[in-house]
Each structure stands twice: as structure tokens, then as C-alpha cells.
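Enquirer: This is the structure, below, for whatever I ask next.
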Amino acid sequence: MASHDKRDYQAELTDAALAADLATAAGELLLEIREEIGFDQPRALGDAGDRLANSLLLSRLRAERPGDAVLSEEAHDDRVRLQAGRVWIIDPLDGTREFSTAGRTDWAVHIALWQRTTGGVADGRREITDAAVALPARGNRVYRSDTVTAGAVTGGVPNILRIAVSATRPPTILHRIRQKLAIEPVAIGSAGAKAMAVVDGDVDAYLHVGGQWEWDSAAPAGVVLAAGMHASRLDGSPLRYNQLDPYLPDFVMCRADIAPILLGVIREVWQ
């Protein structure tokens, strides 16, 4: 397996460029792991992917941003992050189930940088300052917050809203939304793949209820917001990161033009 732990670290990389570089490197490593281990033992494949990608990212961040804190799905939660001014929120492998299944491409790598705001004002746009989401099995495509643009949409608000949901755990609120809006659920694997489908214009929204962790949505939200789209809690309040408890109960990411409509319906039916 080739080494992805760079020796010639580039201190001049911007935070956004570093996020993209890290996502790319982790994606390349995960593709190699998939090739070498194969799919006969999915649990072993997933465990190796989680562990080795996490090790790579932590090593790179220690070398290139030694003063920053890290919150990772695959590492101990060091509460020093709560006093830190800069925290990298990472998911080395988003969608372990999909990664471990032959032919699936809807898994991702998430890299986000949270920075403390001043004056007590905080929202998703200001807190997640730099982000990258890689889809390694789709040509290792990387969506980065400093270059992303939303996919072209035409014809105004669609008659039927395409909403990305979990294939295994679709949110129950969809039934109530359907009583008010014409919707088409679209099953997609990982959180990152769902959110980037919104960015690409393949779906109109990504709705999640039932809880995730900060690393599941930080980088996707950073990219979605940078693309000029909407990301918030279901009640419309800002997404908050680097919290004492990194559990995030719900969120919606969607086209900016449908956000008022979708949030309005959610307010009507959500209890």
C-alpha cells in the first residue's frame, strides 16, 4: 500500500486547500484498502478503512496544524477542543456500510474546520469556515468550500421536491410532509453523498431526523452553505458545532429557493 502520509508538508496551504488535500489523500487510501482487502469480509474491510483513514488524517493534522484540536468519529473526544479556537471536525469514512459493499459509490470523506467566532455570534456559516467532502469511488471527486458552486437548476420551484433520505432509516416526518407537499424520496447512502447530491442538483433537499453526530454533517454543511444553499436545524435555527455533546438531532440541507417552503411545511407538521 502506497504511503499517503506526506513528508514535504506545505505550510503555505490555506485551510480550505488543506481540507481538500486531506480528503483526497484519505480517499485514495480508502480505495487502495478496498482493492487489497476485497468484499468477502465486510466488517473487516470497514474496520480497516475507518482505522487507517483516521490514522492518516490525525498524522497529517498533527504535522500541518499542530496547534489545532480535532474531533473525529474514530478517535477519543479530547474535551480540550471546547477551549480551542480552531477545531477540525472529521469523518474519515462516512458510510462504512456502503464502503464495504461491492459496487457502492455513495460513501465519503469529511473534513471541516470550525473556528470560534467573536462577539457571541455563531451560526453554521461563520463557524465552519473551511470544508471538503470527497466521494472517492466517484473519481475521488472533492467538493471544497472555496471553489464549490451549486448545480444549475431551471424552471423555479419544482412541482415535486426530490428529497434525499436514508435507504434504511427514512425519517417518519416524510409522511406528514407528503400531506402538504408533493415529494419524491430518493434513497442515497452516506450523509456526504446525500448532501453533495443537493449541491449537484440531483435532489432538491436532504432531510435528516433521528440524530447524527457533528462529524456526519459539519463538512457537508460547510460545502452546502458555501455553494449558496441552505443548511439549518428543522426549526430553521443555525447548525452549531464544537458543542459539549456532539450529538445533532436533526437538520435540513436544500436549495435556497425552496428553504422557506420546506421549512414552513416542517413547522406545520413537526412536533
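A Cβ is built for glycine as well, from the same backbone N, Cα and C atoms used for every other residue.
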Enquirer: Pick from D204, D216, D235: which one does Swiss-Prot list with D91, D94 for the same Mg(2+) 2 site?
Expert: D216
Enquirer: Identify which of the binding-site residues D91, D94 has its Cβ surrounded by the largest number of other Cβ atoms within 10 Å, counting every protein chain shown.
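Expert: Neighbour-count leader: D91.
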Enquirer: For the binding-site residues listed here, E73, D216, which shows the highest count of neighbouring CB atoms within 10 A?
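Expert: Checking each of E73, D216, the winner is D216.
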Enquirer: Once near-sequence residues are set aside, which residues in the chain of L93 (Mg(2+) 1 binding site), 6 or more away, have Cβ atoms under 8 Å from its Cβ?
Expert: A26, L30, G46, G49, D50, A53, N54, E74, F99, W107, V109
Enquirer: For T96 (substrate binding site), name the DSSP secondary structure in the helix/strand/coil scheme.
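Expert: Looking at the DSSP assignment, T96 (substrate binding site) belongs to a helix.
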Enquirer: Return the residues near G95 (substrate binding site) by Cβ distance under 8 Å, restricted to its own chain and a separation of at least 6 in sequence.
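Expert: In sequence order, R104, D106, W107, A108, G189, S190, A191, G192, A193 meet the Cβ cut-off.
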Enquirer: Relative to the mean position of the Cβ atoms of E73, L93, D94, G95, T96, D216, the recorded substrate site, which additional same-chain residues have Cβ within 8 Å?
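Expert: Here the nearby residues are D50, D91, P92, F99, W107, A108, H110, S190, A191, G192, W215.
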